[in-house]
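So the structure is just underneath, and the comments pick up after that.
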Amino acid sequence: MNVRGRVAPRRVTGRAMSTLLAYLALTKPRVIELLLVTAIPAMLLADRGAIHPLLMLNTLVGGMMAAAGANTLNCVADADIDKVMKRTARRPLAREAVPTRNALALGLTLTVISFFWLWCATNLLAGVLALVTVAFYVFVYTLWLKRRTSQNVVWGGAAGCMPVMIGWSAITGTIAWPALAMFAIIFFWTPPHTWALAMRYKQDYQVAGVPMLPAVATERQVTKQILIYTWLTVAATLVLALATSWLYGAVALVAGGWFLTMAHQLYAGVRAGEPVRPLRLFLQSNNYLAVVFCALAVDSVIALPTLH
């Protein structure tokens, strides 16, 4: 075989891998990872640490497909915005690496399969919650709130809170107050997390015409809102401690103090006219949420007396 004959198959393989990675990127794997961090502890707390491997696996698979479907449909709806924002210009649809109709078909297929998967493998409530989450994320947040109000991530962030509800309902078949407390934690955590990133890329949002709070408000106004929601986040984590042992409560208290310190430092820096470093808060907010929910998972499987 000559050199040209050997190179051709490599090119075909390379294109196929590139296409596969483009489809994978549509699902936003990093976002799905964060959802798993919250869903697993929710399932463990729902049954106080009793582990049901098959049920948990089916819930995670169904939840991942729902999240992947929602993220893919989000990419379809946001393709026009992504093309003009530097941060998102390399997304598959923005650079036309994937046909829009294929992305739409993928998103819808994943959504439908996730509903039936959760319904058949867990219960109808979990399946319905997943379906409602996808619809809310795509139609209410992406197509409506995101482009119309600076409070878009406050209300639209409810979609990101649903994995804990789905995980809890898959185990118990109901929704109880600890699930609502976990929902509140993520609901209040989302604005500081998102706005910190948006502060760094506010010019992108301004160019795209997306009224994200940092794009339409002063840095002082934004950091004040970040501070308020950070306090609400920490308060919600402490409320959840009523359903756990002292281990989770202690971690939530210490981690909350750390998270609040960063938020206060950002606000104080803006008031003092110092250079803004919002990405630090954005990155550490991920670590904060992971620490809190990992502590919840450990607390749920260790036989310790609860606080209530």
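Keep in mind that glycine also has a Cβ here, set from the backbone N, Cα and C atoms.
The transmembrane segment feature in Swiss-Prot is assigned to 20-40, 50-70, 102-122, 124-144, 149-169, 170-190, 227-249, 288-308; the stated evidence is sequence analysis.
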Sequence-remote partners of the transmembrane segment (20-40) [C-beta within less than 8 Å, at least six residues beyond its ends]: 56, 59-60, 63-64, 67-69, 71-72, 74-75, 91-93, 97-98, 102-103, 106-107, 110, 160, 163-164, 166-167, 182, 186, 286, 289-290, 293-294, 297
Sequence-remote partners of the transmembrane segment (124-144) [C-beta within less than 8 Å, at least six residues beyond its ends]: 59, 62-63, 66, 69-70, 73-74, 77-78, 111, 114-118, 152, 155-159, 162, 165-166, 169-170, 173-175
For the transmembrane segment (227-249), distant same-chain residues with Cβ under 8 A (at least six beyond the ends): 45, 177-178, 181-182, 184-185, 187-189, 191-192, 255-257, 259-260, 263-264, 266-267, 292, 295-296, 298-300, 302, 304-308
Beyond the flanks of the transmembrane segment (149-169) by 6 or more, those residues with Cβ under 8 Å of it: 35-36, 38-40, 42-43, 45-46, 59, 62-63, 66-67, 70, 118, 122-123, 125-126, 129-130, 132-133, 136-137, 140-142, 175-176, 178-179, 182-184, 186-187, 190-191, 194-195, 210-213, 215-217
